[in-house]
Structures are given as C-alpha cells and as structure tokens.
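Report on the structure given below.
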C-alpha cells in the first residue's frame with residue numbers, strides 16, 4: 001500500500017476566546033496520497049484554514065498526530081518542524097505574497113537559497129520552472145510588472161521549487177478571472193501530477209472541484225465527503 005504524503009490522525013484544535021472555548025477540529029482524520037488532489041470546501045469559519053495551517057505545521061494541535069512523508073512531525077521540536085515544512089511543503093495562497101523588490105526568478109529561487117542551495121543552482125532551477133510556466137520572458141520582471149495570473153504562476157513555481165511532497169493551497173485562484181483561473185490551476189495540477197506530490201486545496205470556487213480526486217467538507221470538527 002502506498003504511503004500517504006500526509007496523514008492526520010485524531011487532530012484536536014481549540015481556540016480560547018472571550019466567549020469561551022471554540023473547538024474547530026475534533027478527532028479529525030485525513031490522508032493524502034502521492035499525486036492525489038483533495039479539495040476542501042465549506043463556509044467561512046468552518047475550520048478550513050485551521051486545518052490547512054495544522055497540516056502545514058504552522059499551528060500545533062492539542063491532540064493527535066501528523067505524519068508527513070512518514071515522519072511523525074509532532075515528536076519534533078520547533079526547529080525540526082520548520083525544517084520539514086521548508087523541505088517538504090509548498091504553499092500557495094490567494095494573494096501571491098511575492099517579494100516586491102525581487103524579480104520573478106529570484107522570488108522562485110528564494111526558498112532554495114534559504115534551504116542552503118547555491119544561488120547559481122537555485123536560479124537554474126527557478127529558470128526551468130519559469131519555462132514550464134510559460135514565463136521565461138518574464139524572469140527579470142518584478143511582481144508589479146506582472147499581471148495577476150502571471151504573479152500567481154510565479155507563486156506556484158516558488159511553491160514547487162523545493163520539490164515538495166505536499167502542496168497546500170488556500171483559495172489559490174480567488175483573485176483571478178475564470179479564464180486565468182483555469183490556466184493557473186491547470187498548470188498547478190499538471191506539475192504536481194508529474195512530480196507525484198499530494199495536494200490539499202481549500203476553495204469556494206466549485207468550478208475547481210471537478211479537477212479533484214476527492215472533495216471533503218468540515219462538519220462539527222470532522223471531515224466528511226462533500227455531497228452537493
């Protein structure tokens with residue numbers, strides 16, 4: 001049986017507010033296999049972002065286990081989890097979060113250089129990703145000189161620079177028109193399928209869900225199959 005790239009087991013996550021304790025995740029289980037696209041839908045406030053942050057090792061749950069590429073992540077210290085996150089997870093957000101003072105190629109190369117890759121090698125990898133994205137002629141343009149769709153394709157390339165095992169996408173096409181959405185998301189799907197990465201996508205755009213292998217929603221802190 002193929003080892004999942006992500007496995008959440010019995011995850012509990014509670015926020016403490018002035019109004020009292022709010023349990024967002026309650027014994028939540030999730031498995032994402034290599035090359036699998038899993039969609040997460042539901043209304044705002046249902047816990048989608050909390051689930052993504054937990055899966056991405058950005059938040060620590062009160063209970064449960066997180067296995068990423070077979071590694072028991074909650075047994076690691078903060079530095080260990082940070083290292084795993086940088087090496088094995090790629091993030092794509094609704095807003096591209098590109099560094100405005102750097103051009104496209106250096107924005108993509110940045111995660112590689114942070115991971116210790118030499119600048120020349122990092123730029124070589126970034127250049128090949130730009131070519132796949134159809135943006136080789138935009139390599140030395142800063143984010144402000146790119147269209148919204150181009151910015152998001154650069155952000156996707158940056159997320160894939162370290163050859164992650166898992167890609168986490170939070171409303172990745174939320175700011176794009178339908179035509180650009182199809183192109184950008186289609187590129188993401190093609191690349192992760194080729195690399196065998198698992199993908200967890202939270203979206204309000206039901207047009208994207210037709211690309212998913214599974215569609216889930218959160219109800220009472222647990223993941224269930226989404227039924228239209």
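Keep in mind that glycine also has a Cβ here, set from the backbone N, Cα and C atoms.
Residues annotated as ATP binding site in Swiss-Prot: 42, 43, 44, 45, 46, 47, 48, 49. Every protein chain considered, the tally of other Cβ atoms within 10 Å of the Cβ of residue 42 (ATP binding site) stands at 18. In this structure, residue 42 (ATP binding site) belongs to neither helix nor strand by DSSP; it is coil.
Per Swiss-Prot, domain 'ABC transporter' is recorded for 6-227.
For the recorded site, residue 48 (ATP binding site), the DSSP three-state label reads helix. Looking only at other Cβ atoms within 10 Å, the busiest spot among the binding-site residues 43, 45, 47 turns out to be 47.
Comparing the binding-site residues 44, 46, 49 on other C-beta atoms within 10 angstroms of each C-beta gives the minimum for 44.
Same-chain residues with CB within 8 A of the center of the 42, 43, 44, 45, 46, 47, 48, 49 CB atoms, the ATP site residues themselves not counted, are 218.
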